[in-house]
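S.K.: TrEMBL lists Asp531 with the feature active site. TrEMBL lists Gln342, Lys358, Glu379, Ala462, Thr463, Met464, Leu465, Glu536, Asp551 with the feature ATP binding site. Taken from TrEMBL, the feature Mn(2+) binding site applies to Glu379, Asp551. The feature compositional bias 'Low complexity' is assigned by TrEMBL to 158-169. The compositional bias 'Basic and acidic residues' annotation in TrEMBL covers 178-189. Feature annotation from TrEMBL assigns domain 'FAM20 C-terminal' to 426-641. Annotated region 'Disordered' per TrEMBL: 67-90, 136-189, 243-264, in sequence order. Per TrEMBL, transmembrane segment is recorded for 106-129.
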Amino acid sequence: MQTSVLVWQRQTGTFPISAGQADTGHHSTTPAFSPLFAVQRPRDNRLTFKCNLPGREDGKRRAERLAHQQKKSAKTEIGGGKKEKKGLKRKEIMVKRNLGHSTRSICLGLACLSLSLHLLLAIFCLAALQTTCVPPTPSSSASSPVPRTDTLHHRSVSHSSSSSAASSSQKLPTVPQTEERKAAPSVFDRKELGSFSDAARAGEPKLTGPSKLEELFKHPLYNLPRPELQQDDWLLRVKTEEDVKVRESQEEEREDSNPNDSECSLHYLYVPSCRQSASREEGYDKVAWTTNEETHPPWLRFHLGISRWALYDRKDPTLTQLTHYLATQRILGAVQKGGGTQLKLLLSFPNYGQALLKPMRQARDAETDVNLFYFSDFERHNAEIAAFHLDRLLGFNRIPPVVGRIINVTTEIREVTTDHRLSRTFFTSPAGNVCFYGQCEYYCSTENPVCGRPHELEVSLATMLPDLSLAPRRSWRSPWRRSYSRTKLAQWEKDPGYCDTVKQTPPYNRGTRLVDVIDMAVLDFLMGNMDRHHYETFETFGNETFLLHLDNGRAFARHSRDELSILAPLAQCCRIRRSTLLRLRLLALPEFRLSEVMRESLAQDPLARVAPLLSDPQLAALDRRLTAVLRVVQECREKHNNVVYNDLESSDQHYDRHPD
């Protein structure tokens with residue numbers, strides 16, 4: 001048996017402990033003591049002393065123990081780190097789940113809110129549309145106004161047709177490049193309004209109250225009885241079945257003699273062979289016209305409605321259909337039209353219709369500089385539109401229908417034109433707008449281009465008259481034509497008795513030609529047009545017919561000045577139609593004031609949704625000039641007898657309240 005005696009060292013000293021106590025293991029619970037000596041008694045009763053002095057432990061065992069402790073602590077740390085990572089991951093998963101539930105709730109709430117707002121907006125719009133469509137009550141409004149031409153389609157506009165023979169035989173003087181045009185109206189500035197659509201919504205006219213225009217057209221002066229038209233009073237006529245059969249036999253003979261000749265004129269579009277060949281043209285509609293008027297497109301019905309006494313009947317529904325057609329039809333082609341001094345284009349439509357385009361080149365209310373000559377100004381697209389409406393209000397019906405339209409310069413002109421002279425003048429301006437200038441005598445240069453904003457361009461489109469091969473027209477030099485010179489005066493400007501010479505010259509020496517010219521002078525004075533150098537008539541009707549009031553682009557140029565020289569035919573000849581005089585007096589009355597009915601009539605044009613076609617000063621000038629016309633007539637009646645040409649002899653009973 002081995003017995004051990006340990007001697008423990010305390011921090012304050014040493015004392016012996018018996019072997020029995022040492023065996024009990026109490027030293028393991030006494031951290032304040034450390035063994036100093038170990039006395040071992042082997043079985044042979046020999047005592048062996050082992051000294052456990054501090055710092056004397058074997059280095060190898062100590063290193064092993066330290067390494068073992070480090071491994072143990074490292075395992076503990078690794079295990080703890082793994083537990084911490086697992087805990088963090090669990091926390092992240094829980095946070096993500098909580099956030100996911102919160103995000104779904106928020107998104108669902110926003111979706112419900114958005115849906116509710118859209119439903120409220122839809123209900124509001126529906127209520128607004130229903131409100132605007134409700135017809136006015138008899139107490140608040142008269143019967144509905146004259147049908148609008150096309151206020152829903154604000155992209156399109158047209159211009160009045162001009163004859164190739166209407167251009168002056170004398171070349172006009174060149175205009176210096178220093179005569180610059182004014183800037184376009186701010187309503188089209190993209191900084192203020194993003195597009196023409198925005199401008200249309202901002203400037204849509206809102207007419208309330210009774211329709212003075214409709215009441216005006218109900219007046220007997222605008223519903224005069226006309227003699228029944230005879231066969232030779234129509235400009236064109238639809239061929240009868242017998243005519244068609246004769247023409248078919250002639251076509252067969254011509255094809256047998258010349259099989260390669262497939263030419264087909266408009267005059268024979270009712271012949272089946274012509275309908276078939278015309279339908280083969282790429283891009284055009286298939287022609288299915290017959291003798292039935294309902295199969296004809298609006299432009300053809302307009303052509304067939306031209307008579308000896310008027311270009312159209314104001315009450316004919318074809319007029320509304322025609323203006324809508326001009327404002328909405330797809331443009332199939334665009335070429336530059338010859339003649340004249342400024343840029344104009346000829347547009348083609350899928351149903352074989354055509355229109356004359358004049359572009360917007362300056363602000364609608366821009367007034368011509370007083371230092372410019374009458375032949376130096378830009379032609380105005382809104383002047384063509386306003387001239388058509390004014391001519392209709394005066395009861396003349398001698399200007400082809402004109403409507404406003406907004407076109408895309410790129411897709412509706414540049415990409416469809418086959419005119420190389422026109423296509424090579426396109427360019428992009430420094431502002432990023434697509435521009436072109438074409439080829440003409442005045443203002444066709446890079447210094448005076450026609451530009452879109454950046455692609456949209458405001459234009460006027462005028463109905464084209466029948467082809468000259470079908471309905472030839474004669475161009476007449478106006479007796480009161482200006483000299484178109486900076487230094488010379490015309491004869492009528494120097495001779496106060498000039499009209500006596502005119503009265504002795506055919507065709508002014510008989511019939512109604514002289515009072516027709518005076519009607520035209522009254523129209524030109526009201527709109528300030530000094531550019532009436534020629535006028536036209538249809539040759540078929542001879543001298544007993546109306547005058548065509550074409551090419552009105554230089555009208556409405558100055559509203560602050562009244563050019564009394566335009567009234568020279570009236571002032572020198574002292575002659576006027578009774579129907580014209582009575583209508584002028586009617587338009588001077590407060591209930592039918594010219595400026596107000598003109599404003600209402602112009603509001604029917606699609607471009608009126610963008611901005612008024614005539615400004616308030618321009619409309620006020622109409623009333624002022626109307627008073628001037630009546631004053632000149634009164635002065636004539638004080639000096640002369642037989643001033644009024646009575647064209648109402650058969651209808652005098654209707655005008656007892658309108659004494660001369």
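Cβ atoms here come from the backbone N, Cα and C positions, even for glycine.
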S.K.: Using a 10 angstroms cut-off on Cβ to Cβ distances, just flag whichever of Glu379, Asp551 is the loneliest among these binding-site residues.
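M.R.: Least crowded of the binding-site residues Glu379, Asp551, by Cβ count within 10 Å, is Glu379.
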S.K.: Could you tell me the maximum Cα-Cα distance in Å between the residues recorded as binding ATP, namely Gln342, Lys358, Glu379, Ala462, Thr463, Met464, Leu465, Glu536, Asp551, rounded to a whole number?
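M.R.: Those residues reach a largest Cα separation of 20 Å.
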S.K.: Kindly state the mean pLDDT of the domain 'FAM20 C-terminal' (426-641) in the predicted structure.
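M.R.: Its mean pLDDT is 96.
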S.K.: Cα-Cα separation of Leu465 (ATP binding site) and the residue listed as 'active site', in Å?
M.R.: 21
S.K.: Can you name the residues of this chain that are 6 or more positions from Asp531 (active site) yet have a C-beta less than 8 Å from its C-beta?
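M.R.: For Asp531 (active site), the qualifying residues are Tyr374, Phe375, Asp551, Gly553, Arg554.
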S.K.: Need the DSSP three-state call for Asp551 (ATP binding site) to compare against my parser.
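M.R.: Where Asp551 (ATP binding site) sits, the three-state DSSP reduction gives coil.
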S.K.: Give me the count of other Cβ atoms within 10 A of the Cβ belonging to Gln342 (ATP binding site).
M.R.: 19
S.K.: Quick one: what's DSSP say for Thr463 (ATP binding site), helix, strand or coil?
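M.R.: Its secondary structure by DSSP: strand.
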